[in-house]
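Taken verbatim from TrEMBL:
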| type | residues | note |
| --- | --- | --- |
| REGION | B:1-22 | region 'Disordered' |
| TRANSMEM | B:71-92 | transmembrane segment |
| TRANSMEM | B:153-175 | transmembrane segment |
| TRANSMEM | B:195-215 | transmembrane segment |
| TRANSMEM | B:227-243 | transmembrane segment |
| TRANSMEM | B:255-279 | transmembrane segment |
| TRANSMEM | B:332-354 | transmembrane segment |
| TRANSMEM | B:366-385 | transmembrane segment |
| TRANSMEM | B:437-457 | transmembrane segment |
| TRANSMEM | B:464-483 | transmembrane segment |
| TRANSMEM | B:511-536 | transmembrane segment |
| DOMAIN | B:596-660 | domain 'CBS' |
| REGION | B:750-771 | region 'Disordered' |
| COMPBIAS | B:755-764 | compositional bias 'Pro residues' |
There are 2 protein chains.
Amino acid sequence: PKSGMNGNGPSKLVDPLEDPLPGVGTYEDFNTIDWVREKSKDRDRHREITNKSRQSTVALLHSVSDAFSGWLLMLLVGLMSGALAGGIDIAAHWLTDMKGGVCLIGFWFNHEHCCWKSNEATFQDRDRCPQWQSWAELITGTSEGAFAYIVNYLMYIFWALLFSFLAVTLVRAFAPYACGSGIPEIKTILSGFIIRGYLGKWTLIIKTITLVLAVSSGLSLGKEGPLVHVACCCANILCHLFTKYRKNEAKRREVLSAAAAVGVSVAFGAPIGGVLFSLEEVSYYFPLKTLWRSFFAALVAAFTLRSINPFGNSRLVLFYVEFHAPWHLVELAPFVLLGIFGGLWGALFIRANIAWCRRRKTTRLGHYPVIEVLVVAALTALLAYPNSYTRMSGAELISELFNDCSLLDSSQLCGYKQVSVGNSLADRPAGAGLYTALWQLALALVFKMMITVITFGMKVPSGLFIPSMAVGAIAGRLLGVGMEQLAYYNHDSFIFKGWCSPGADCITPGLYAMVGAAACLGGVTRMTVSLVVIMFELTGGLEYIVPLMAATMTSKWVADAFGREGIYEAHIRLNGYPFLEPKEEFEHSSLTVDVMRPKRSDPALAVLTQEGMTVGQVEALVESTHYSGFPVVVSQESQRLVGFVLRRDLLISIDNARKRQEGVVSASQVVFTEHAPSVAADAPPPLRLRGIMDLSPFTVTDHTPMDITVDIFRKLGLRQCLVTHNGLKQNTVKPLNYIHQNFPLPLCLKSAPSTKPPPAPPRPTSHTRSSRLSGCYMCVCDEKRTTLVC
Amino acid sequence: PKSGMNGNGPSKLVDPLEDPLPGVGTYEDFNTIDWVREKSKDRDRHREITNKSRQSTVALLHSVSDAFSGWLLMLLVGLMSGALAGGIDIAAHWLTDMKGGVCLIGFWFNHEHCCWKSNEATFQDRDRCPQWQSWAELITGTSEGAFAYIVNYLMYIFWALLFSFLAVTLVRAFAPYACGSGIPEIKTILSGFIIRGYLGKWTLIIKTITLVLAVSSGLSLGKEGPLVHVACCCANILCHLFTKYRKNEAKRREVLSAAAAVGVSVAFGAPIGGVLFSLEEVSYYFPLKTLWRSFFAALVAAFTLRSINPFGNSRLVLFYVEFHAPWHLVELAPFVLLGIFGGLWGALFIRANIAWCRRRKTTRLGHYPVIEVLVVAALTALLAYPNSYTRMSGAELISELFNDCSLLDSSQLCGYKQVSVGNSLADRPAGAGLYTALWQLALALVFKMMITVITFGMKVPSGLFIPSMAVGAIAGRLLGVGMEQLAYYNHDSFIFKGWCSPGADCITPGLYAMVGAAACLGGVTRMTVSLVVIMFELTGGLEYIVPLMAATMTSKWVADAFGREGIYEAHIRLNGYPFLEPKEEFEHSSLTVDVMRPKRSDPALAVLTQEGMTVGQVEALVESTHYSGFPVVVSQESQRLVGFVLRRDLLISIDNARKRQEGVVSASQVVFTEHAPSVAADAPPPLRLRGIMDLSPFTVTDHTPMDITVDIFRKLGLRQCLVTHNGLKQNTVKPLNYIHQNFPLPLCLKSAPSTKPPPAPPRPTSHTRSSRLSGCYMCVCDEKRTTLVC
């Protein structure tokens, strides 16, 4: 402990609490950790190991293994997440195909695998073989006609309902935390909050299973976001293997940051993009060491996934794209248009989704999650089946939309009229097939936009990446084909003249789809660099970065104009998690003194004195308040600050002393000084608690601007900060008696552990509404260094 | 100003210093900036513009243009840096070719361009045409024979000497700051130090010119590092166009961070790698906004460079590499070996180079920089010419070593014996040409290793990336060819069996060269992620990341075992710049009280009282000390802290008051309180200085562990921090009279501006030696809140 370091001679007493009690220094559920204390603990531990390592070979080996345990952990996280992601991919592929039919060779084969096994499929028509039968074929014996269509339709709906019912029931029964995308909660956890069980083994198991079911049920959701949650669960569970990470909340969060990178890495096959995603979007504390380790873990995971080869093509990336034609500067205009569309869609989606989720929270709708999921699944299946673009899975749809039409392509989207042979990839006029496809795509766009709003936030695992990208990809492809046709029929107009001569391949609709996907995803999540890098890793060509960047930038600006929060921040706020947004600037010019000024009706400050209080008095003080900690002052008269004691540590220590230490009764003195005070001979022995006192609480003066205070909270990861007032002459200003109980600190007011998420924070009072300091503790010491409200 | 915000009624006096004086709030040369103050200033400015924007359309437009000025600035930085880099490439290419011969069509054509113009060169032999004549041909009329060889040799040496002489003379005459790579200084500047002129226009002009000359002279140096300096100069100069960046040191550093990314982006054609380089290697404060803007600027620069097309191949990247064969897991062993070599070489190079630079600093060697450069240039030319691998420029050498041999390749390195036709790229036995090449490469390796040590640090612009990579690439290629031959002749051994059958292309020596280059560069600079990403951008294939990563990681670990400093940190320390390494962990378990405890012989604390001191007394105090700032306390008796005043602001204010304000004489009272004290009727009017006082100085208690204190300094970018001591009862411990003048603060002791780099910091005393807090100011207030040493 910090206090034991400056021994000042023989008068010092041995502190009975030198060895920390079990529980002292740990946190309750739904509390914020103290980053400074955790990091300090880790440094002490490291120092001890280093010092010991000079003494013996065993200790040296221990020191080396300790140094490499981080890398080993990263390796394990990468391997486990990669393997799980591969398993999820394979299972989801199989179950998705199951909705359409079954393999006669063995029901455990998916469509492609089945035909591959049968050896009867030609290379071109890999998807058609007699061994794979649709449900209609199996039941009615024919795959033609209206009846067969209806049988297939009904079987599709049946499977969708079954899968979604299983998913929501499993989530409700075993792991309520497994629902949603998990990214808002992981952001909160990484910022230092504790939600026990959120990253536990049950969540992992149930999330993995239900994710497969939810994706297969055809709901408009993706598995990419939840994969981040899955990777974080893996990391959290594996942390238990290493003392260094098990016991230290700050170190564990470093591992979780890396795991977030792993999640995106396996989701898209983009390790660098994953690391940047973790850095930009989810992490709070991201030292360089973590950057390096995240990168390592992300790579391991990507290669594990590749060696499992769930897509059967040995590609690392989810959507492999290869474009043949460069883009022209003029095309930046449609790209920016796509950016505007993406931004508008993002802003609209966030508003609509949050409104819907709030309705779910506040009305009776929220009481029937199973029925809600079933209704939405039925609706989705009912509307999606007739349209081939909504019937296929989101990832397949995107893959098809990104695709650049070659001459051999049989897809409807490539239904161009054949013109004279020249450049085989030249722009061609649209044929009937393409027109049908465009109509279907337009309908699919409207459908996807609607259904995603009510799907995201249901009680099943649901990611937002794929649906958002699908919306953007459809819009982009539509615009791309439009541009292509415009260029084909107007080669001579001033816009196209000079760069798009007849017979040239000048417009690539697939690129437009890609740009649109990036724009929409950017509008919803407000990712920027990481999004562009993920897309770059998909194409591998630096040339296409500029269109992507233009669209993403526009999208972010447009969306920000309607509200600065991305979907994850909005969900964090909706759920009332304490989260101090690291990106946001504090906008008001108030000083700390303005924010912390007490109301007249507030009670007096709750402080402990370093000596003179009895155990009974301390207990009474703790009982009568719900603050999470108490400043220790010299005396009630001279309220100079000595240190800070956390409520939890205080309660544990007194409890323990009453049980174990002889003679500690309510009348015993509580002593925080280094040297025991002189007590009367017949008095009970004092209880010394200096060991649990933080001798170096953070303080700011009351004249510190609030923006600096908020900055200190963010950058150092503080749990509390004391505000001191001093130096001004007492007679020139009226004495301030700061106390401010309504400061928006939902957790500050928490005293008992609970197993449910905390309620939404109380509305802050007018002058603090904008401070957004939720989750951080703040105390004030007034002129006489009296404390305050914690 | 912060002080004016809480008006407490009519008794408040108008402060004559409400409007800051010119000079107040600025910094002297060779001082450290106060990040907190700068950021606070910027927020105030932003708030003001936002408030005004609601009032009129003009103000709204101003607000919008202010918001976009950052992006505009980035665009300009990208364009200018890209253009300059293109110019440097073209000029260096031309001058390098000039050493070998001249173009008869026009002397301003380089070799390739000349033959391209002549139309007589075939596609295969683009480099041979009658229009390009070597000096021997031009002078003696023949290019054959010993005489011609000697003429060419002499001309080569002549040009090398001429170029290097011009370079060193220009640097000495016009811009001494233009020498070296500039990265150590830029790191220091980005951490908050001020070196006026280091990024000025003269430095830019001279560095650009001399960089071309130095590279062309054939010295073992590269232009990649200096390009970072050039880009930062561009950014700094362009900052003057925008008030927002001109006036705020913190904002300007954000732009400089982005410029560092731009520098690497244009050096390698790797925008993402550049951004990560800036993040990992040079930046100190890198908010997400900067990440995004850096990326934008890096892309703009890369595309500007591409449109200039200096390499004539429309490639974005410096070395374009395409490998055909995958690598096998067994090959990780040689890759790790290369990593070990790179780490050893890095550690050795840093030691040798620092020892040599220290010798230059301390002995008479440093007095003759021109002669030194000429001698090294002559030596380099003399030894380099006979060996074709050292004769070519570093970039060409690396490019050739990275190259994968195709069948048509005429290079000596591809001098394999032709064997039966099969896989055209199969492993083949080495022929005589290859053996010669290997010998030459081995000699080149030894030569490069030696000469680079004495070259880096001379008074010419010199980058380290290319020489380091060259060393690694040679070693890698040697090992690669060795492995290839081993595999060819031992197909059946247990190592190669199963993955390297006869006739297969299983070993790619070019990949080994690439891995070796990464390992050596990593060993010297200790870059990790950014290095791997740069290399990834060169190849564009994720498959080769794993070998690169294994080598870089090994290299870093091996090099770190010999000393944790990279070459840039070592040069920072050599030059005595104040730099608080953000990566390094503080290792000692001392408390702040241990570090700040004064010696017995130290003088009393230098403090100002908030009232009661006269102008004369204040001036005397300032005169008699050299501290950069003084705490303001309530009174000498009750030394409670009120605020902190910087020496520079104090001097400027008093000077100004004496000149402008009537009645301010030496006997005038200096008042820091909000309300004027009552003075005798005949006394001179008081001088109110509350406006220049920082009312929210950062404080830590004396029981704060030093590692936390150091963390606070790093994370918040503090310039000073006051240490308070309070709460302990005065009679239980002996009164502490902290004062510690020998705290390792070289800048703390500076009082007058100077135009030269500061001297090396004084040796700290024993108990502070390890604290490495150089450049940060730290003050202590004792029990009575007396201040201290600043």
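Note that Cβ sites are derived from N, Cα and C of the backbone, with glycine treated the same way.
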Request  = Tell me, please, if the transmembrane segment (B:511-536) and the transmembrane segment (B:195-215) are in contact, taking contact as 3+ Cβ pairs under 8 Å between residues separated by 6 or more positions?
outcome  = no
Remark   = Highest Cβ pair tally under 8 Å against the transmembrane segment (B:227-243), stretches B:71-92, B:255-279, B:366-385, B:464-483, lands on B:255-279
Query = For the transmembrane segment (B:366-385), what are the same-chain contacts with Cβ under 8 Å, counting residues 6+ beyond its ends?
reply = 153, 156-157, 160-161, 163-165, 167-169, 172, 217-220, 360, 391, 447, 451, 454-455, 458-460
Query = Does the transmembrane segment (B:195-215) make contact with the transmembrane segment (B:71-92) through 3 or more Cβ pairs under 8 Å, each pair 6 or more apart in sequence?
reply = yes
Ask   = Apart from its near flanks, which chain residues at least 6 from the ends of the transmembrane segment (B:71-92) lie with a Cβ under 8 angstroms of it?
value = 110, 208, 211-212, 215-216, 223, 227, 230-231, 234-235, 238-239, 241-242, 245, 255, 258-259, 262-263, 266-267, 293-294, 296-305, 308-311
